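Take a look at the structure below.
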Amino acid sequence: MSGLSVRDLRVVFDGFVAVGGVDLDVPAGDVRFIIGPNGAGKTTLIDAVTGLAKATGSVTFEGQELLGRKVHKIARLGVGRTFQTATVFEELTVLQNLDIAAGWARGPLTLLRTRKGVPPEVEKALETVRLTGVRDKPAGTLAHGQKQWLEIGMLLVQNAQLFLLDEPVAGMSHDERDATGELLGQLSKDHTVVVIEHDMDFLRRFARTVTVMHAGKILSEGTVAQVQADPKVQEVYLGHPVEA
Amino acid sequence: MTYLKKPLVGFGIAAVLLFVVAPVALGDFRLNLLAKYLCFAIIAVGIGLAWGRGGMLTLGQGVFFGLGGYAMAMHLKLADAGPGSMPDFMMLYGQLDELPWWWKPFANPIFALAATILLPMFVALLLGLLIFRRRVRGAYFAILSQALCAAFAILLIGQQGTTGGTNGLTDIQGFFGYDLNDPVNRRMIYFIIAGSLLAVLALTWQLNRSRYGELLVAVRDGEERVRFLGYDPANVKLVAYVAAAGMAGLAGALFVPAVGIISPAMIGVVPSIEFVIGVAVGGRASLVGPALGAIAVAWAKTALSEKVPSAWTYFEGLLFILPIVFLPGGLASLAGMIRRRRAVVVDNPPAPVEKTPVEVTT
């Protein structure tokens, strides 16, 4: 079974059920948006998939079981993620950030030497995420949107096959959103992308499929139109019928 | 290769200062004191790597300094006693008929020399594996390293018959056949120490500018984030921790011939904190800051203790507090601040964005 497959996933924090038995299939090459009100368990779901939160059930990616593995081992299987607040290494330059992201497989001798030039995959990622012009700037000085793109660039050079993006366009300007959407389109050609997002306009324009979560469970799943027409979704998530 | 020029000039100046200016300008007594300070500087370079670059507040470097120092002192005591004899203090206490088994290998000079560096590194490796795999960090790491330091000193004191107890290993006369009472030989020891400091600085310089150095800073600033990039931060920290331990061990080994004694009072909790003060004053994240800070603090301690013995303790407390509150980057960050201020005056752009100070405890 290729792509991401989640079976009966449960995450419990001190008796509070954050994710209560989720089944989810994201086929390879999909652009899946996960939406839901605050506290629906969206981020916890990603935390469980990436090994950050303890969970029961089963999560497989490209046939490999992820649950029970350590965070860095899961990352090495090609599962990459970004965070709600962009977390890049602020004191290091954009180039250094990307070079580190590209390097977990490097041997000790390579590590102890100084980087000479720009590795080709880093060069390519810089262009894809449009940061070539600021590559020698400290990542801490980047604009909010650029930091999110840098994180996506880091996933690219990390050779992630599955991109889990946690609210990538939150706080972005209109133009930055458009650019991010285009970037998603580019990524989806040879990656599987899962996006957590609140922005309905962004979702309508760029989602291929949508999963709606509510109170730790999957509420609805389908295309944008199908999900929007679902009365359950209108009730709990939007609170009123959608005019679309 | 212009980016290589500046550090090379720096090394050149340091070499001239250490090998030409200092021996000419200072008398035998002061030069010998400087030799001792340079040993502290070697430890400081290691702390700069582990704490400044790696975010590990190593409050227990005395353990590794002590392991290196005792390894060297054991060999020198055995050499002083001559083949087949026991060191003087063992005869004095008279509890032993024979050299303890763990003293015996130190009669071999090559074993002893290797042990001064490899033994602390090995101990650091074991400790590090336990500590970093369990994700002990921040203040917990600092307290743990300090507790280990106290335990080590207590262990040494308790084993008076084999370690010299509170007195330590004293009255060391020779260094691989050279008489340490001869000023010429003491001068030679100084040159060995100065050369070692330069070598340690060069090694750390390369580590800092390597890909590993970038990764270490990334681990310091975002240990959890690094995991999601496929790295195990425990291994990254381990390398810096073990390297710093090796440097402390080397410093201990060189300290013994320079000072002629090693004792639990020199490697316990208080000296371990003093090693860190120099680094904080000098600027923990820079290369030469820790070394210069350590030399400056050790020099200030001697100078002040000579004039007003009781004042040193208060001054030392101030030294620890002031840089942490007012100058988190240490004296090394002053240069950058002045440069930035000048740039503001010249170009008059909007004030530079204040960087948030790195948390002290990590």
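Using N, Cα and C of the backbone, Cβ positions are placed for all residues, glycine too.
Note that this is a predicted model, so its numbers are computed, not measured.
Record features (TrEMBL):
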type     : residues  : note
TRANSMEM : B:7-27    : transmembrane segment
TRANSMEM : B:33-51   : transmembrane segment
TRANSMEM : B:58-76   : transmembrane segment
TRANSMEM : B:110-132 : transmembrane segment
TRANSMEM : B:188-207 : transmembrane segment
TRANSMEM : B:238-263 : transmembrane segment
TRANSMEM : B:275-300 : transmembrane segment
TRANSMEM : B:312-338 : transmembrane segment
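A contact between the transmembrane segment (B:275-300) and the transmembrane segment (B:110-132) is absent, since fewer than 3 of their C-beta pairs, 6 or more residues apart, lie under 8 Å. Counting Cβ pairs closer than 8 Å to the transmembrane segment (B:33-51), the top stretch among B:110-132, B:188-207, B:238-263, B:312-338 is B:238-263. Under 8 Å from some Cβ of the transmembrane segment (B:58-76) lie the Cβ atoms of residues 43, 46-47, 50-51, 103, 106-109, 112-113, 115-117, 119-120, 123-124, 142-149, 152-153, 156, 163, 168-169, 172-175, 241, 244-246, 248-257, 261-262, 264, 266-269, 271-273, 275-276, all in the same chain and six or more residues away from its ends. Counted over residue pairs 6 or more apart, the CB atoms of the transmembrane segment (B:188-207) and the transmembrane segment (B:7-27) come under 8 Å in at least three pairs, which marks the two as touching. Highest Cβ pair count under 8 Å relative to the transmembrane segment (B:110-132), across stretches B:7-27, B:238-263, B:312-338: B:238-263. Sequence-remote contacts of a segment are chain residues at least 6 beyond its ends whose Cβ falls under 8 Å from one of its Cβ atoms, and for the transmembrane segment (B:312-338) they are 273-274, 277, 279-286, 288-289, 292-293, 297, 300-301, 304-305, 357-358, 360.
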